[in-house]
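Now, the feature entries from TrEMBL:
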type: TRANSMEM; residues: 6-26; note: transmembrane segment
type: TRANSMEM; residues: 38-57; note: transmembrane segment
type: DOMAIN; residues: 67-117; note: domain 'NADH-Ubiquinone oxidoreductase (complex I) chain 5 N-terminal'
type: TRANSMEM; residues: 83-107; note: transmembrane segment
type: TRANSMEM; residues: 119-143; note: transmembrane segment
type: DOMAIN; residues: 133-415; note: domain 'NADH:quinone oxidoreductase/Mrp antiporter transmembrane'
type: TRANSMEM; residues: 240-258; note: transmembrane segment
type: TRANSMEM; residues: 270-291; note: transmembrane segment
type: TRANSMEM; residues: 365-384; note: transmembrane segment
type: TRANSMEM; residues: 404-426; note: transmembrane segment
type: DOMAIN; residues: 419-596; note: domain 'NADH dehydrogenase subunit 5 C-terminal'
type: TRANSMEM; residues: 447-465; note: transmembrane segment
type: TRANSMEM; residues: 485-506; note: transmembrane segment
type: TRANSMEM; residues: 579-596; note: transmembrane segment
Amino acid sequence: MPSLYTIVFATTVSSIALIATPLVNAKSKAFCLTAKNAVKLAFFMSLPSLFIFMFQGQMDSSMNMKWFNLGITNLSLTTQFDMYTIIFLPVAFLVTWSILEFSLWYMQIDPNIEQFFKYLLIFLLAMVILVCAGNLLLLFVGWEGVGIMSFLLIGWYHARSDAATAALQAVLYNRLGDIGFLLALCWLMKNTQSVELPHILSTSPQTILLIGFITAAASKSAQFGFHPWLASAMEGPTPVSALLHSSTMVVAGIFLLIRVHPLLSHNSTALTTCLCLGALSTFFAAAYALAQNDIKKIIAYSTSSQLGLMMVAIGLDLPYLAFFHISTHAFFKAMLFLCSGLIIHSVNDEQDIRKMGGLQHALPMTTTCLSIGSLALMGTPFLAAFYSKDAIIEATSTSNINSMALLLTLVATAFTAVYSLRLIYFTSMMHARMSPVLLCDENDSRVLNPLARLAAGTITAGLLISNTTLSNYPLTHSMPTYMKLTALIITVVAFAIAYDLAKVFWTTPPVNYGAKKYDPLFLNQVMHRPSSDTAFNLAWYLVTHLTESVLMKKLGPNYVEVSQLQPTKIIRLTQTAQIKAYLSVLLITLISVALVL
């Protein structure tokens, strides 16, 4: 009988191979259905590994295949199937299966739907490679894979200048993080002669190495300073936003830090950097979400806020809580995006929530799922995010951290309740504000089934995953009651205040008061203009000063002067002002001519 390790390894590899199979025959007529069914089968194939892990506890297996030898180091393709891989893969497959099924309906009139599905499959495959990587080389392959596929998918409607700009912005911001990743990779190859994770994690960390990893994670996971690309990425189709924000691109940075966490835990500077960066990110993004009226941008900034919370967990030296929040967040975030896509389609491509309302009558299933997702996002008890988000905030309250990080995290928690209720209120409740002749129709199994699956995951995933990943963190079991209830009390108070504010603002006309102050593009100007101005001024200096000096002086008047000086000196030697010399030259010339003739 094969060992449990062999079963885990075989089922996991089989589920990954199933995803890649449809790509072999990407031009077939039934490619979209084949791709959806392949991911569905991959999900069921990955479940035995999960069940074995749940009943057996810690499970870890790996595979190593040598690639080529560089002399001082061997580059190999190493895979690693541990707790994080075994739990994450079923979550990613279930979410992607739901998104692909939804895409069959959402993209049905797109002439290039096969290519769209091919891109989504490669996107998922790149993320799977990243999660299963056992060394930094293979992880970098997956890292670059999700980066380039996000560029292609965000710019799907590339004929629109906004979409093309958003795709370029995403890839440029990620280039900055790739510099940090490559810095860390090259440093490790030079100083440790290995890129294998077990070997790296056994070395003593250098701060410059960890700063490289943190920079890479901050750009990929849209932390403060690198966050503008995440909201701009809403220019892509809704299924792209759902996949990008739930279980692929944006969690790649946090996953990298989870992988290298043993290095971070020995360096207080790196942990403090992660903590402060995460607290600032979660607060800043939640504050921006309050001022947004675009339904997709509200959900996008909520993603950025939750990623900040995951970074706080990394900074607290609790990577398993960050991973727990990644797993629960995937369900309700994908569901929120699918609901928003259905609503946008139903109200004639309108994305402003102030022009919606009353949709609980027209789209009951969609608005119910939107409400469940928003309630999960704000940490309502016994929904998915309650178990992970509450655990992070409890751990924050009992840790020896700076008070500002704790305060920012708690304020961001309150803001989450405010913008979540505002989203529910303006889209679902009260009376309709859109055209009465619109045809709202959600009676399609390709829409209802994905939403039902994700809603079930949103309700049950937190409890299921908490029983397998949450190790005993003793301080949270002995906390005073008032500290234990801090997050819940803040959420309830914010919810009550937000309900009153929503009722007030529902009756006021939609006027953009000080819109420029809260416009996310304002930050783009602050960050992008200095860099472009500096580049233009430097180019101007080079052209006007350096080029002028080189061309005008070296090849201009100075060159003419130097080149004519020698001939002038030679001619001056013949000008003696003596008549005898001139007559002698004339005589010699005449004799020479006579002899020649």
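Heads up, the Cβ atoms here are built off N, Cα and C, so glycines get one too.
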**Asked** Any chance the transmembrane segment (6-26) and the transmembrane segment (240-258) have 3 or more Cβ pairs under 8 A, given the pairs are 6 or more apart in sequence?
**Response** no
**Message:** What residues elsewhere in the chain lie close to the transmembrane segment (240-258), defined as a C-beta under 8 angstroms and at least 6 residues from its ends?
**Reply:** 84, 88, 91-92, 95-96, 99, 102, 120, 123-124, 126-127, 130-131, 139, 142-143, 146-147, 150, 153-154, 156, 177, 181, 213-214, 216-223, 230, 233-234, 264, 274, 296, 299-300, 303, 307, 310-311, 314, 319, 322-323, 326, 329-331, 333-334, 337-338, 341
**Message:** For the transmembrane segment (270-291), give me same-chain residues lying six or more residues beyond its boundaries with a C-beta closer than 8 angstroms to one of its C-beta atoms, as numbers and ranges.
**Reply:** 205, 207, 210-211, 214, 218, 222-224, 227, 231, 257, 263-264, 297-298, 301-317, 401-402, 404-406, 408-409, 411-412, 415-416, 418-419, 422, 518, 520
**the domain 'NADH-Ubiquinone oxidoreductase (complex I) chain 5 N-terminal' (67-117), counted residue by residue under DSSP: helix, strand, coil** = 29 helix, 11 strand, 11 coil
